[in-house]
């Protein structure tokens with residue numbers, strides 16, 4: 001009986017060529033050797049550690065390192081029937097090793113020479129990110145002939161953070177990034193890179209980018225050009241000394257997974273960066289196949305790309321190889337990438353953590369001795385020693401580089417993995433060995449105490465004591481807001497209000513809720529928290545007063561990841577101040593401490609207000625008619641709307657929140673923008689109770705165009721004519737128009753433009769209304785009239801702001 005046709009079986013005796021001589025290559029050889037499909041691994045040139053592995057692994061002493069020399073290694077690979085090439089370092093990838101092997105039909109786990117420019121040119125990679133809307137630091141690139149232009153750019157104060165980072169665009173052995181503290185240091189850094197050529201040709205182009213702050217993570221991800229699969233995020237330690245002090249190195253240790261890389265953070269890294277990167281490279285015509293190693297800064301606004309690398313990281317790889325479980329075949333994963341079928345592969349990881357600690361030569365990262373003999377005693381179970389700068393000499397392993405070894409361990413907890421790695425180091429010695437004793441200190445410093453008697457709410461990140469401290473801190477200011485009908489103490493299960501004591505005969509309750517929007521981002525970035533509480537109250541109570549309602553009481557909602565009592569007290573003190581201005585009682589609220597829901601020191605606010613109005617005084621009245629007069633009450637500034645656009649304009653103007661405001665030399669940008677929303681209650685209530693007003697509009701997001709028509713019913717044909725020449729546009733709005741190139745039409749449908757409240761009155765009551773407002777501390781003016789035409793008609797729009 002003839003055999004049924006079947007697909008050929010995958011090759012089960014693979015020969016793999018590993019290019020490189022470091023700890024990364026030793027770790028890759030270690031994991032590849034576990035594959036049942038791999039028969040032989042040749043490491044070229046390898047090191048003392050790969051020389052001692054035996055079994056499937058051997059070294060090859062064949063020179064390569066520049067395109068002409070690829071010929072000899074390619075010819076050798078052809079003769080030896082190599083099935084897969086895995087370059088370790090970035091230089092051969094940028095130099096075109098993938099293309100050299102591709103010509104003879106040998107697949108390479110690594111990007112094409114063009115795709116490798118993601119690492120080979122920082123200027124190119126930044127332009128790529130900008131083109132594909134991938135979040136990264138603001139930047140500008142310069143050629144080496146534009147030194148004076150680069151200096152002038154820094155002098156122009158282009159970044160909100162006030163600091164810059166100088167990067168040599170080309171490959172500089174991991175040393176081409178300079179982080180000056182001051183402008184003077186930045187100028188010196190530019191000179192060293194662009195004029196003095198400290199990094200040689202790597203400095204032919206320079207990137208000047210904004211300094212970002214926050215924790216860093218490294219995400220290594222496999223890609224086949226379509227699918228991208230990240231490994232757990234790692235954190236490395238670049239500085240030579242404990243506490244991240246001293247000179248920068250290639251890396252003194254790493255650990256994974258990094259606790260800071262929460263599920264939410266990783267999802268954003270994938271959705272906002274990794275997937276758009278792979279899609280963008282494919283769209284640009286350079287599909288990325290290989291290892292995409294992305295450095296992220298976790299900022300208050302989310303993950304931002306620091307840099308791309310196009311190969312396995314060192315020393316992250318050493319730790320990550322220990323995390324891969326026994327069922328994960330690394331050779332199969334690499335082949336799936338080059339064969340464009342990564343979506344068919346599943347990577348598995350051990351439960352727990354892995355750590356790598358680098359042992360370096362004395363003097364590293366400067367000059368250091370070589371050829372020193374080493375003592376390598378047996379290490380505890382669970383410890384792996386990956387060689388980097390070593391070689392075999394007369395059957396003795398000696399030092400042969402700056403970073404000599406990476407001692408690695410995995411364990412169920414990070415603390416156990418760290419302790420196990422350091423116990424392994426105790427079995428190793430060579431003259432002048434240098435290593436950091438604080439690897440993973442960032443994560444360990446936030447660990448709960450060892451062997452707790454039992455889990456507590458505080459151990460989960462919620463401090464009941466902090467909540468109690470906050471209640472005690474705010475009790476005096478809350479008590480000051482009491483009014484007839486509201487006498488309960490804060491800290492209970494809610495608030496009660498006795499409506500009978502408020503003195504109303506035929507009351508209608510009116511409620512409103514609101515937040516502060518992205519004005520909160522300004523408060524957080526500026527570090528000023530005592531005014532946004534006023535905004536929170538104002539936004540809700542001003543919505544009550546336009547219905548004729550007097551605010552009775554207010555409740556707030558304050559949410560954060562970790563309660564900072566002084567900050568929360570500032571916010572709630574502001575809320576109490578807003579309540580005092582509105583004449584309402586702060587009778588309760590909720591402070592929600594929710595670890596993992598918010599990032600860092602971020603918090604969010606919401607408010608809820610309840611007011612009352614006599615049935616006969618509900619606004620708007622049904623008798624609004626054409627010819628009625630519109631009165632305008634000034635705003636105190638942007639109030640709490642339009643801040644997404646305002647922040648964008650400020651950013652594009654290269655202003656920081658601490659800079660002097662261009663529209664007011666007596667204050668800073670941040671202080672000016674945080675001027676609290678005006679509370680209109682007390683000036684308006686007397687006129688409401690006297691029956692002077694027919695309707696009102698609180699000018700919030702949507703400006704005049706969207707808010708004023710809300711006074712009229714949908715069945716009405718009424719609208720308004722607004723005379724913009726009746727007042728002078730305040731300086732802040734003129735600056736925003738000019739700096740953002742915002743058209744007048746956009747201004748009046750986005751911002752309040754200096755008018756926070758519009759009142760409709762009968763023409764014969766206009767003078768009485770103006771007098772009532774003035775007597776109660778509010779200057780107003782006639783800004784227009786009601787007409788038989790829907791919408792808002794503007795007079796003077798063409799000259800608005802000039």
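For all residues, glycine too, the Cβ spot is worked out from N, Cα and C.
Proximity of residue 213 (ATP binding site) to non-local residues of its own chain (separation of 6 or more, Cβ distance below 8 Å) is seen for 161, 297, 299, given in sequence order. Residues or ranges marked as ATP binding site by Swiss-Prot: 157-218.
A strand conformation is recorded for residue 309 (Mg(2+) binding site) in the three-state DSSP classification. Residues or ranges marked as Mg(2+) binding site by Swiss-Prot on the basis of sequence analysis: 307, 309.
What Swiss-Prot records for 126-339 is domain 'ATP-grasp', and it gives sequence analysis as the kind of evidence.
Per Swiss-Prot, the feature region 'GARS' maps to 1-444; the stated evidence is sequence analysis.
Annotation comment: Swiss-Prot describes 455-788 as region 'AIRS'.
In the three-state DSSP scheme, residue 205 (ATP binding site) is classed as strand. Counting other C-beta atoms within 10 Å of each candidate's C-beta, the binding-site residues 181, 205, 307 are led by 205. Cα of residue 189 (ATP binding site) to Cα of residue 309 (Mg(2+) binding site): a distance of 23 Å.
Within the same chain, residues at least 6 positions away in sequence whose Cβ sits under 8 Å from that of residue 165 (ATP binding site) are 137, 177, 178, 179, 180, 208, 209, 210, 211. The DSSP secondary structure for residue 189 (ATP binding site) is helix.
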